[in-house]
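The feature active site, proton acceptor is assigned by Swiss-Prot to LYS153, HIS272. Taken from Swiss-Prot, the feature substrate binding site applies to ASN101, THR151, LYS155, ARG273, HIS305, SER357. Taken from Swiss-Prot, the feature Mg(2+) binding site applies to LYS179, ASP181, GLU182, supported by sequence analysis. Here Swiss-Prot flags LYS179 as N6-carboxylysine. Look at Swiss-Prot and you will find LYS312 tagged as site 'Transition state stabilizer'.
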Amino acid sequence: TYYTPDYETKDTDILAAFRVTPQPGVPPEGAGAAVAAESSTGTWTTVWTDGLTSLDRYKGRCYQIEPVAGEENQYIAYVAYPLDLFEEGSVTNMFTSIVGNVFGFKALRALRLEDLRIPPAYAKTFQGPPHGIQVERDKLNKYGRPLLGCTIKPKLGLSAKNYGRAVYECLRGGLDFTKDDENVNSQPFMRWRDRFLFVAEALFKAQAETGEIKGHYLNATAGTCEEMMKRAVFARELGVPIIMHDYLTGGFTANTSLAFYCRDNGLLLHIHRAMHAVIDRQKNHGMHFRVLAKALRMSGGDHIHVGTVVGKLEGEREVTLGFVDLLRDDYIEKDRSRGVYFTQDWVSMPGVLPVASGGIHVWHMPALTEIFGDDSVLQFGGGTVGHPWGNAPGAVANRVALEACVQARNEGRDL
């Protein structure tokens, strides 16, 4: 009853594309129906309380199944969920329903959520990014080029004062941002409050010297939501422009709370995706990163890491650009060659700046400006701090390379 090939999808339905690998002997339709049932109203037996509700109104439906080209016994199952199954404005509830129990299902050898279509009616219940791309540019007064960042290394072990010094050196050399590593929270060698104070000092000093607005992603991620908010409040009191959160390890509920605070208080929010590969690396099980990226845009963040296409981490170019567009643009056409399974209309929800980071350095600059365009943050960790003359010359090298590439592109040269 959950496999309904003649179903016409509604504009308000949440649509999901699952890559299903059934156990031997299980027909694909059966597997698709099982996914739809288990992630909506079904249970393993018929219960008398089914008669007290309208299953037709509330059940998920598998409405299309297609074999995956070049893979044996793998199918894409399309499932439509009625909007009423989900709590408004809760990414947490959306995921609990769609990817909750069903991934441990016996009839399936493996299951991967490839894409979600978020209908405008549901998207409108989310605040989305605290500020978005345009507001960020206006706050920073930086236009017509990608922004430059750098993660402070060594990520663990520096004292707060030396950490602030490293931040200052990078920023005075010409970077726009520096970043706490995702593992930097509040450890014995550097407590968060000390770090925040020294970094704020570095920011204002670099700003005064260069005449440009500078930021450092102060990581507010913590063991409890209360502690996280305390750090965010302290950052606001210091007058810094941006803070940071690890949204997968911190959780969507915490992230959404933080995003609301950031919008109310004029803070930009940088999002790191630590733990994403646990979920998205396997080709036939888990969740594709484009789903995690869409979820982040709904939950709220102004920057998110997306890999590089050229550095040390995995990522295919077309597919990466597919979810980069899903983060930045308002309306994205379905395009299977880029992994976009559904046309997505974000109805004016602010966009998220993609952050390219991971093993990139100055030689990659032409490729990066070409691939990511102006609306991006290019983040060079070792690619700045690894400069033989130090942080500031490393920062200068990156800024000069970026300005040169942008100028060449604007003159119509091929990078």
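FYI, residue positions are counted from 1 along the chain as it appears here.
Every residue gets a Cβ built from N, Cα and C, even glycine.
Sequence-distant neighbours of THR151 (substrate binding site): residues of the same chain at least 6 apart with a C-beta under 8 Å from its C-beta are THR178, LYS179, ASP180, ASP181, SER357, GLN379, GLY381. Using a 10 Å radius centred on the Cβ of GLU182 (Mg(2+) binding site) and all shown protein chains, the other Cβ atoms total 20.
Secondary structure from DSSP puts LYS153 (active site, proton acceptor) in coil. Under a cutoff of 8 A between CB atoms, and with a sequence separation of 6+ in the same chain, the neighbours of LYS153 (active site, proton acceptor) are ASP181, GLY381, GLY382, VAL385, GLY386. In the shown protein chains, 18 other C-beta atoms lie within 10 A of the C-beta of ASP181 (Mg(2+) binding site). The two recorded residues, HIS305 (substrate binding site) and GLU182 (Mg(2+) binding site), show a Cα separation of 11 Å. Non-local contacts of HIS272 (active site, proton acceptor) by the CB criterion (under 8 A, 6+ apart in sequence, same chain) comprise GLU182, ASN219, MET244, HIS245, ASP246, TYR247, ILE304, HIS305.
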